[in-house]
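Worksheet: the structure to be examined is printed underneath.
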Amino acid sequence: MLPIATRKLWKRTLSWSRIKLVYTRITLTRYTTLYFFFALLNCIVLVILQGVTYADNNQAVNLIGGLLANANVEKGLLVFEGGELEKCNSIPGQPGAVCVTVALSKDKQGLASVERRGGKTELLRKRVVHKNVDLKAFLASRSDKDVDNDSDSEDGDDDDDDSDSEPDDDEDDDHRKEAIKDFEDETPANGQGSNSEIGTGEKGNSTTGGASPGTSAGSANKALDLACGYTLTWLQDILQDAKREDLVTLGFHFWLFSLAVVTVLNESLPHLGASLAGHVLGTGWAAFRVQSTERLRTNYLSLISGGACGGVDLLDGWWEVRRLHAIPILAVSSLVLFATAYLSFKLFRVYASQSFSRVGASPQIHRMYKLVLLLSVSLQLTGFFSIASTAMWIDKISHGVIRFVAQHIKIYLVAFAVTLVLEIPWVILGWVSVRRECRWKYVVFCGLSIFLVVISTLMFLSPLYVFIFTTWPFFATITVTSYVLMVLTSLLSIWCRLNFGKGLAHFLQVSDALEGVNFTPVYFSNDAEKGTAFPVKFSDTEKSPVDEKISSDFGYLQQPELSYSELAKPKLRGESVYSDANGMPVKLSSTPSLFKDAASTRRVKAFGGNHLDLGAAAGEDRYTQPQMPPRSAWSATTPSERPRSRDLTSLSSSGRASPTSMRSATPSIRPPSLSVRSATMPSIRAVTPSAQTQTPSVRSVSPASVVSRTRPGLPANPRRRPSDA
């Protein structure tokens, strides 16, 4: 057991190591640094601007709440449509729903006054849009002849026939008055005056649209205040929805920054794509908020300020402030979108090349990996939009005015609460099960996908859900985006499931394991002529400490270029490259200077040790013809002293050396091969001394053909030098 001080020191060291790792990833290239700090600056600026907008909406809600504190305004569902504000006792369009107009816009007021001056009595039928069977019966009863209570009291001593008919008439009057009273108590219907518009008097002037002759000025003012109160209640509910939108947008900006951080730290293409798509949606929302603010201001001036509230601007100057705060959000979001698109493209070129150009990955693996990346992007987007849509719905039916008319509200809350809890593990299971090809986790993920899709589909059959969907554009946008992405994610997951067991999981596991130990992967280009689709300059990336150490200790080794660098034209080197017009080029590794002096004695005896100068500088050709010793030297030696056959010029009839001669040509001292794959010659096969005995498919050529092809003009057969004669 380590002492406490040692453990604390170790934890502190680990924390500094993590910080160093984060710093290394952020400063990997100039584009990663710009991307990270630009995302941070963007998050700070937009969060501040969105917070100011939220404060503006909250200020307006508090102001309206103070005005309605002392007003006797009954809570209910208010719907503004076609210039008319209606109060409904249930969801409009449902059986038993009654909606009565409580306020008119400025334009509708002029139309209603013209109709009243024309003596029309159909105003009530026009202004009550959603009527059920009971209301139709009530309107039919209004067409019967009116009963004059004064005349009834004067003719109280009539004959028995009249007395017999009076109970029936009184019974009809009682039913009619009771229906009127219940309707008025439930929904005071008046756009400009008192309850006399529905008909509380019995003088036949119930449809005049104004106060009855017995209505006092105080009652008219009270009714006018009531209509203004209904309009303010409607505006307060709209601003409450705007506050919910601001909170979702604030969380959205933090989520975008988290995606940027994960993109840089993990070099993740899915997070990079999700972040860019999120910026596109954020810019669209900012533009929509500016347009919705102007539309709401127009309705306010027509319905409230210029209508029910008698020309009084209760939110004096607030609309101008909100407009000034909404436009900068759109401007900043647009600028951020273009900058993020440019930086994302630069990072994509680097990350995509590293992901798709690794040695060991076949084209089939690349196709499956691209599909997994697309699924990962869809999961990231679906997770946020699903959670945001569910949270907005729960808050709406829990604190909005619609809760007063909603039925089965507890069932809705339970269903959406379960959905909200399951969405987080759904995203995690989808990410893990597909990448690791874990079948039982995928079964759980598939079950959750079916449950979420079915719940989301069934909600469109709910009248309450459809009503909120049609009257709240922001919620509708979030919901549609979430639903489409959820269905797309489910389909992509099924496609990925069909690729299980084809090697993708092993490839990703090996790649993650090598990256965990700071192993620098090797990259190559599949097309030697066209190169790669993502040409990136080598100067854009930094060398690892291991590469710098190798370069300093082994200067004779060439640093391999990245696979996504532009391919240069191959250059032939006389001492190491042998060309065959009918075959693949072969590259033989040169012996390092460390083992240069330990050459085989048999090579010295056979060729004199002068045919290949290993000490030549890079690019300098010092090849000389191999010199055979005179026959007298061979005859003077005993068979035991003679070296084994090195006759490389004796070829078979097929023009290929036998494996026996290749094995006999292997030096007795085999230095470790340090062959390096050159990015400038991607199609050249590296052959080490040990590979000559293990790879029989390597094409071997005679020294004569080598001399004739690499150094034109030299004789095909080796000759003796004059000094050897």
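From the backbone N, Cα and C atoms, a Cβ is placed for every residue, glycine too.
Remember, TrEMBL labels are computer predictions, not curated facts.
Taken from TrEMBL, the feature transmembrane segment covers 34-55, 325-348, 369-391, 411-432, 444-468, 474-496. According to TrEMBL, the feature region 'Disordered' maps to 144-216, 621-725. Per TrEMBL, compositional bias 'Acidic residues' is recorded for 149-173. Look at TrEMBL and you will find 189-198, 648-667 tagged as compositional bias 'Polar residues'. Annotation source TrEMBL lists compositional bias 'Low complexity' at 206-216, 695-712.
Under 8 Å from some Cβ of the transmembrane segment (369-391) lie the Cβ atoms of residues 248, 251-252, 255, 259, 269-271, 273-274, 277-278, 355-356, 361, 416, 419-420, 423-424, 426-427, 430-431, 434-435, 452, 475, 478-479, 481-482, 485-486, 488-489, 492-493, 495-496, 499, 504, 507-508, all in the same chain and six or more residues away from its ends. Beyond the transmembrane segment (474-496), the same-chain residues lying 6 or more positions past its ends with a Cβ under 8 Å from any Cβ of the stretch are 241, 245, 248, 281, 285, 288, 368, 371-372, 374-375, 378-379, 381-382, 385-386, 388-389, 392-393, 396, 430, 434, 442, 445-446, 449-450, 452-453, 456, 468.
Through the fold, the transmembrane segment (444-468) approaches residues 91-94, 386, 393, 396-397, 402, 406-407, 412, 415, 419, 422-423, 425-426, 429-430, 433, 475, 482-483, 486-487, 489-490, 493-494, 497 of its own chain, all at least 6 residues removed from its boundaries and within a Cβ separation under 8 Å.
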